[in-house]
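The structure under discussion appears below in the form of structure tokens.
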Amino acid sequence: MTNTRKTHPLIKIINHSFIDLPAPSNISAWWNFGSLLGLCLAIQILTGLFLAMHYTSDTMTAFSSVTHICRDVNYGWLIRYMHANGASMFFICLFLHVGRGLYYGSYTYFETWNIGVILLFVVMATAFMGYVLPWGQMSFWGATVITNLLSAIPYIGTTLVEWIWGGFSVDKATLTRFFAFHFILPFIIAALVMVHLLFLHETGSNNPSGLISNSDKIPFHPYYTIKDILGVFLLILVLMTLVLFSPDLLGDPDNYMPANPLSTPPHIKPEWYFLFAYAILRSIPNKLGGVLALVFSILILMLFPLLHLSKQRSMMFRPLSQCMFWILVADLFTLTWIGGQPVEHPFIIIGQLASILYFIIILLILPAVSLIENKLLKW
């Protein structure tokens, strides 16, 4: 009798994706983040669903409804903080996942990589809109500042901003539509994840060496299911430690004040995971230039396959590229730090230098170093 797992039309798809999938035998813990991102998405959708049952998207009651969730709903505080800190875990996993892709040359799978970059954009948009929903001071002013950036687009900018706002300022219409989009986007993300996996399974996974591993594959289950479960436990441990011991560690105290259009907070800043992009935006004095730099700081990821000039795929055997990669990581940490600082000396110049270095490393230094390493191979 044939196995149902291999013949049933629906279970067969799951079997080929998570059970009998041939996987390289040498993939390290850096390959765990895909499954962890799936877990993060599931946590966010579930906690978000329960929050949406009690939340009201009206400027008069939004802040109170979040307070009500935390005080009166059974385990509402837990659901709310799991959702807020779950977003932070989501972005930590995202950054590590993208970093892994850059280090080991996974971007040579064009379709998988490009869908991944689109996913990054959509997740960032979703997180931004979610941050607006509690309707605290930072929610309101963050929404005002970031949506206002679109006014830098020539000719249609101002009209576009008013169209997004649904009026002449961030108000009830803006909050309602942000809630609607914040609810629907995670499901669009889930659909894009399916496409991401579809393209990945066309080629098979990359591995640390960057070499073709078809001659040495092992089944995904039980080897990598067990390995993923370890990652899952570690992620939940970190998330729940954060949620139960210091849930507001990564948040902004200003968001515990209800939104007030008449009082601007001293330092408007986004959540920590957007600070690097915010620092790049602020480091350019021109509004349109800043917006372009902001968009290009993420969009530049799509150029990596074109800028890959090395004869080797992975950085595993390329010490010079490794060195530049870690300088880039340090630069991103610097940008994140600067994004949270006030706009004054010496932070302005540090931010500008870090922004220039970010683009120079990616566009010039990494490709140049790759060519040098190609020459060194002939020694």
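Even glycines carry a Cβ here, placed using N, Cα and C.
Noted in Swiss-Prot for the protein shown:
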- 33-53: transmembrane segment (TRANSMEM)
- 77-98: transmembrane segment (TRANSMEM)
- His83, His182: heme b b562 binding site (BINDING)
- His97, His196: heme b b566 binding site (BINDING)
- 113-133: transmembrane segment (TRANSMEM)
- 178-198: transmembrane segment (TRANSMEM)
- His201: ubiquinone binding site (BINDING)
- 226-246: transmembrane segment (TRANSMEM)
- 288-308: transmembrane segment (TRANSMEM)
- 320-340: transmembrane segment (TRANSMEM)
- 347-367: transmembrane segment (TRANSMEM)
Contact between the transmembrane segment (33-53) and the transmembrane segment (178-198) (3 or more Cβ pairs under 8 Å, separation 6+): yes
Residue with minimal Cβ packing [other Cβ atoms within 10 Å] among the binding-site residues His97, His182, His196, His201: His201
Among His83, His97, His182, which are recorded as binding-site residues, the nearest neighbour of the residue listed as 'ubiquinone binding site' by Cα: His97
Top partner of the transmembrane segment (178-198) among 77-98, 113-133, 226-246, 320-340 - counted as Cβ pairs under 8 Å: 113-133
Interface-richest range of 77-98, 226-246, 347-367 toward the transmembrane segment (113-133), CB pairs under 8 Å: 77-98
Same-chain residues at least 6 beyond the ends of the transmembrane segment (226-246) whose Cβ lies under 8 Å from its Cβ atoms: 29, 32-33, 35-36, 39-40, 43, 78, 81-82, 85-86, 88-89, 93
Cα separation, His196 (heme b b566 binding site) to His83 (heme b b562 binding site) (Å, whole number): 24
